[in-house]
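First up is the structure itself, then whatever we jot down about it.
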Amino acid sequence: MTFRDLLSVNFEGSRSDGSAGGASAGGSGGGSGGAAASEGRAVDGVPGTAGSGGVVGAGSDENNRSSAGEPGAAGAGGEVNGTAAVGGLVVSAQGVGVGVFLAAFILMAVAGNLLVILSVACNRHLQTVTNYFIVNLAVADLLLSATVLPFSATMEVLGFWAFGRAFCDVWAAVDVLCCTASILSLCTISVDRYVGVRHSLKYPSIMTERKAAAILALLWAVAIVVSVGPLLGWKEPVPPDERFCGITEEAGYAVFSSLCSFYLPMAVIVVMYCRVYVVARSTTRSLEAGVKRERGKASEVVLRIHCRGSSTGTDRGHGAMRSTKGHTFRSSLSLRLLKFSREKKAAKTLAIVVGVFVLCWFPFFFVLPLGSLFPQLKPSEGVFKVIFWLGYFNSCVNPLIYPCSSREFKRAFLRLLRCQCHHSRRRRRPLWRAYGHHWLASNGGPRPDCAPGLGAAPREAPLALPAPEATDTPSAPEAQAPVVGRRKPPYSFRDWRLLGPFRRPTTQLRAKVSSLSQKIRAGSAPCAEAPCALRSEVEAVSLNVPHDAAEGATWQAYELADYSHLRETDI
């Protein structure tokens, strides 16, 4: 039984003239004539003028297409079973149930996609290029859920299109636009994940915000080109009945839209994820083997600055510099493994999304061109409606996949449901944590320049380092290191607070590391005393990983006074 047949209302009644009234289902007779009973599809129904069971009939032609009929005549004893009158329309109990189910379905799709968009907007650590593509997917699904599905559900419940021919064409075009944009977004995400897994360390420089914006603009341009075809006349002849509205089944357009909206993107998606699987399998083995050779996994990330003496370097200094080379190798290997594991996990999450997408959309894009080219192979109306709504179901299920597969999205969802959005002031836990006092360990001892004795450098001439931003946890009481003789540079366009939510964490990390490196290379303020006999020059700044407690203990610890005002810095 199709959705339109759910509106069928059967009643038996005797006419005032003694003849049998027609079984009114919106067909050619709701009591309007003759002894012969007629059946049809409900198109428009209004309670009869005199009979208890009379409804406004709708005439039916040989193809069982509906047209407005005449009010039913008087009928005695007419009875309507299992129906409800809503605004003058008679709807069966099953139709009411279908309407409630579709309303819950639409509300779930709207709420889920809104959660995805707000989660990225309110959490800085989720504002990455990959998540921008996910937000674009959520925007397309939200537009579909809010502008297309309500009218589709209304048509299913009423059994006919009640919004006019012009709006039918617009509705069909927006339907194709949103579905195509959603599918192309999944295609873009798969390419982005392949780049992230294949080039995990170079990914921030390869996939920039500017490139992402250009890709998204091209994506929506392609979706618009695919969707405007029927508006420009590439469609079937317009049916005379304005109460009928459906997707265009013209053979040429059906094949074109299926290729551009589904088959080509699906081919790219399958190829990209096959490549992701191959790269992930080989890279994981090589990285894990390298880390095992270097004894264990990363426990802590620290900043080590490799220095060399500008005049007479001691053996101790050269030994310290040589010993850090192994640490640098191990840290880069471990950091690469950690970075790659995050990329691989994100790829797994998005692979689930793509798998569900294929299951939801493949039946529709298989049946549509097949039925257009070979009408005799068309499925029944009921089967086609199930396949049609299965594609819509993809827009509802995408937001449900993220919290089940991504811990970060799950936490963001929970914070939003608890009305906790800390985007403006509170900072997330830093991805990297650098300890400035390890500069002393790398140099083989306290910095000697501008030092009056064997102790640390005087507090009047500290090494200028960027102070950490305010965090949720209180830090140790340390004085802010002044910068002598330097004017604060003006803010650049990228430093405006207005653009803060659109900056990637990797961009902030790179900027802070560069600033830290430049300030360390510049050294402290000019010293009023004689030039130091032994002055060190920074050779490199790197992130190192101690692999066990014993190795971490070999790095010399210093008291707070020996830090030369180097403080823990979040980068």
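Cβ coordinates come from backbone N, Cα and C, glycine included.
Here's what Swiss-Prot has on this protein:
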- 1-94: topological domain 'Extracellular' (TOPO_DOM)
- 13-75: region 'Disordered' (REGION)
- 19-34: compositional bias 'Gly residues' (COMPBIAS)
- 35-47: compositional bias 'Low complexity' (COMPBIAS)
- 48-57: compositional bias 'Gly residues' (COMPBIAS)
- Asn64: N-linked glycosylation site (CARBOHYD)
- Asn81: N-linked glycosylation site (CARBOHYD)
- 95-120: transmembrane segment (TRANSMEM)
- 121-132: topological domain 'Cytoplasmic' (TOPO_DOM)
- 133-158: transmembrane segment (TRANSMEM)
- 159-168: topological domain 'Extracellular' (TOPO_DOM)
- 169-191: transmembrane segment (TRANSMEM)
- 192-212: topological domain 'Cytoplasmic' (TOPO_DOM)
- 213-237: transmembrane segment (TRANSMEM)
- 238-250: topological domain 'Extracellular' (TOPO_DOM)
- 251-274: transmembrane segment (TRANSMEM)
- 275-348: topological domain 'Cytoplasmic' (TOPO_DOM)
- 349-373: transmembrane segment (TRANSMEM)
- 374-380: topological domain 'Extracellular' (TOPO_DOM)
- 381-405: transmembrane segment (TRANSMEM)
- 406-571: topological domain 'Cytoplasmic' (TOPO_DOM)
- 465-487: region 'Disordered' (REGION)
Helix, strand and coil counts within the topological domain 'Cytoplasmic' (121-132) (DSSP): 9 helix, 0 strand, 3 coil
Stretch contact, the transmembrane segment (169-191) with the transmembrane segment (95-120), Cβ-Cβ under 8 Å, 3+ pairs: no
Confidence summary (mean pLDDT) of the topological domain 'Cytoplasmic' (275-348): 53
Which of 95-120, 133-158, 213-237, 251-274 contacts the transmembrane segment (349-373) most, counting Cβ pairs under 8 Å: 251-274
Counts of helix, strand and coil residues, the topological domain 'Extracellular' (238-250), according to DSSP: 0 helix, 0 strand, 13 coil
